[in-house]
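Step one of this worksheet: look at the structure below.
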Amino acid sequence: QRNIFIAQAHPGRRGYDNREIVLKYIHYKLSQRGYDWAAGEDRAPLSPGLSAPAAAAGTSSDHTGLVSPHPEPPGSAAASHAPPAEGLRPAPQVVHLVLRQAGDEFSRRYQRDFAQMSGQLHLTPFTARSRFVAVVEELFRDGVNWGRIVAFFEFGGVMCVESVNREMSPLVDNIAAWMTEYLNRHLHHWIQDNGGWVSHPDRSLPLPAPARGWWDPRLGSAPE
């Protein structure tokens, strides 16, 4: 079984800024599909030659904050970023690199599940939050492990890609906020108690299968 390497954080240090980790992960996932995105209040300047994004923020029919013709490569300096929350440190680049590696491996391993998910999300501005909550609650129903945390990030990435594909890109900022809120409220202490985010690659992380029923066409309702 192939392992992804994640590092041990130093005990006693404050955690990393979860919002920054979420924003850079979403930027990476969207850039894989040819979209360049920055969070609403933290948009990076567009690279020369890129057309300006649409200005109708808050609508459900524009690609605000996304530029597709010549996107920056995944993980480029144009990636979305934000100042760290009070008392938290910005994550070093190795955190983002290892999380991306784990996410890519996870999406390859469970490609069929994610393909099914993409086809059945049926997102709208009115249903997106309830679908996010239902799936995430099912994912962590039986507890937390690193594999499920990686699945959480991949699921958020799928929601963001589907939002853009369906011309509802303003939802991406909302999804990023929901992911950050869930990390801060429900996963932060587990992450800290289990070594924290990556500091240096000295520990291997198996990627077990997600909890049975974490993804279901009914979007999170427990299978019978």
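Glycine is treated like the rest: Cβ placed from N, Cα and C.
Segment annotation: TrEMBL labels motif 'BH4' over residues 18-37 (candidates 18-37, 98-117, 118-137, 138-157). A mean pLDDT of 92 is what the model gives for the motif 'BH4' (18-37).
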